[in-house]
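Below is one structure, written out as structure tokens; comments come after it.
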Amino acid sequence: MQHKLLINGELVSGEGEKQPVYNPATGDVLLEIAEASAEQVDAAVRAADAAFAEWGQTTPKVRTECLLKLADVIEENGQVFAELESRNCGKPLHSAFNDEIPAIVDVFRFFAGAARCLNGLAAGEYLEGHTSMIRRDPLGVVASIAPWNYPLMMAAWKLAPALAAGNCVVLKPSEITPLTALKLAELAKDIFPAGVINVLFGRGKTVGDPLTGHPKVRMVSLTGSIATGEHIISHTASSIKRTHMELGGKAPVIVFDDADIEAVVEGVRTFGYYNAGQDCTAACRIYAQKGIYDTLVEKLGAAVATLKSGAPDDESTELGPLSSLAHLERVSKAVEEAKATGHIKVITGGEKRKGNGYYYAPTLLAGALQDDAIVQKEVFGPVVSVTPFDNEEQVVNWANDSQYGLASSVWTKDVGRAHRVSARLQYGCTWVNTHFMLVSEMPHGGQKLSGYGKDMSLYGLEDYTVVRHVMVKH
């Protein structure tokens with residue numbers, strides 16, 4: 001397994017403390033990797049800064065060609081990437097290969113095309129004898145911090161728009177799941193000029209802090225927890241860096257009496273438990289109107305009970321393990337606290353799976369109240385709660401009564417209601433009669449404590465640029 005860092009076009013061993021990388025399906029150590037030292041972090045940033053002098057001036061065509069080559073290489077090595085992701089994250093291998101790899105390739109190809117569509121405002125005269133134009137230029141060095149739930153996908157979401165816009169990047173994957181990012185570094189080093197892409201390994205305190213706080217870094221992009229986002233914003237405040245934050249969610253799923261219950265059940269069974277629920281847009285907070293509440297709980301409970309947890313390399317496995325032992329304990333604690341309320345009923349699941357690995361049973365909890373922690377706090381595991389509601393006004397207020405604002409969905413056959421409710425929901429995305437669907441052409445991002453900035457789409461590309469005014473006297 002490729003375990004070296006990429007700094008200034010060279011694969012080098014880390015010079016810091018060694019950290020174990022685990023297989024969450026077994027709990028075994030896959031390998032140990034040495035972190036980047038403080039000197040290596042500095043070298044990576046300075047290499048990116050030096051490379052920016054030329055890369056920032058390349059034509060969109062050149063950047064497009066590089067991104068397309070990288071997309072092709074990822075596609076050609078799709079099986080290798082899927083196997084690494086499966087071993088390091090516990091994802092079902094078939095899901096990693098069939099779902100994630102094509103989407104990752106598409107992200108790079110989309111931004112390869114988008115690079116050639118980015119332009120500033122046409123020139124105009126707003127002062128006599130002067131012509132103004134608006135430019136969209138790259139910022140410089142971008143420090144990108146990727147999470148552990150979708151390591152390669154999130155690396156793609158961060159690298160593709162930053163590079164397409166003409167920036168240089170220093171990427172730090174999670175120390176829990178670094179293997180696909182390090183493999184990507186190996187393949188990318190011969191496609192991009194030295195220093196344009198740098199990939200480090202290490203913990204937040206030892207590598208993340210010196211990286212995001214480096215004076216040469218102009219922007220920090222994070223997908224992670226609210227706590228990590230708060231830390232980075234505070235840590236970088238003195239240098240007034242631009243920050244791009246995607247900080248998790250607790251998606252409300254609003255099911256009205258007239259909804260297609262079978263579609264809801266099928267949707268939540270898939271979208272609430274995909275990736276073992278380790279997804280910031282997971283359909284995890286259901287509000288069911290009282291007329292269909294009992295039916296939905298019964299049918300959804302039966303459906304969730306059929307979900308199969310198992311070995312990642314088993315074609316029939318639908319849920320793999322959680323990412324780490326520490327996260328397994330967090331999920332278990334959240335469910336135990338829900339049970340202790342006395343009014344929340346476990347319909348199915350509600351316990352760790354016996355045996356090796358960090359498995360938690362797919363869980364459905366009914367009778368949750370609006371103020372319960374299981375409704376208000378992100379669990380980030382295979383745990384879905386159901387809360388009954390009376391009417392539209394009540395459920396919209398409840399859905400918005402959350403610190404999160406990333407994703408939501410509305411299930412109804414009433415088109416007017418779908419538009420009305422969608423317009424009032426304080427979430428970056430609202431799906432109607434579906435959930436979880438993402439495409440490269442549309443923006444993904446939140447509001448409130450879920451963060452700000454957009455991934456994917458032309459909006460995502462613009463986030464990695466600075467708007468500049470040039471005025472010419474004539």
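Numbering starts at 1 and runs along the chain as it is shown here.
In case you wondered, yes, glycine gets a Cβ from its N, Cα and C as well.
Listed in Swiss-Prot:
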type	residues	note
ACT_SITE	E246	active site
ACT_SITE	C280	active site, nucleophile
BINDING	A146, P147, W148, K172, P173, S174, E175, D209, S225, I226, A227, T228, C280	NAD(+) binding site
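Sequence features annotated in Swiss-Prot and their locations in the structure.
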residue : record                   : DSSP (3 states)
A146    : NAD(+) binding site      : coil
P173    : NAD(+) binding site      : coil
S225    : NAD(+) binding site      : coil
E246    : active site              : strand
C280    : active site, nucleophile : coil
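In this structure the C-alpha atoms belonging to E246 (active site) and S225 (NAD(+) binding site) are separated by 8 Å. The maximal spread of the NAD(+) binding site, taken as the longest Cα to Cα distance among A146, P147, W148, K172, P173, S174, E175, D209, S225, I226, A227, T228, C280, is 24 Å. For the recorded positions listed here (E175, E246), the lowest count of other CB atoms within 10 A around the CB belongs to E175. Note on proximity: among A146, S225, A227, the binding-site residues of the record, the Cα nearest C280 (active site, nucleophile) is that of S225. Around A227 (NAD(+) binding site), a 10 Å sphere centred on its CB holds 10 further CB atoms from the protein chains shown. Within its own chain, P173 (NAD(+) binding site) has A146, P151, A155, T180, A181, L182, V199, F201 as residues 6 or more apart in sequence whose C-beta sits under 8 angstroms from its own. All protein chains shown were included, and the count of other CB atoms within 10 Å of the CB of S225 (NAD(+) binding site) stands at 15.
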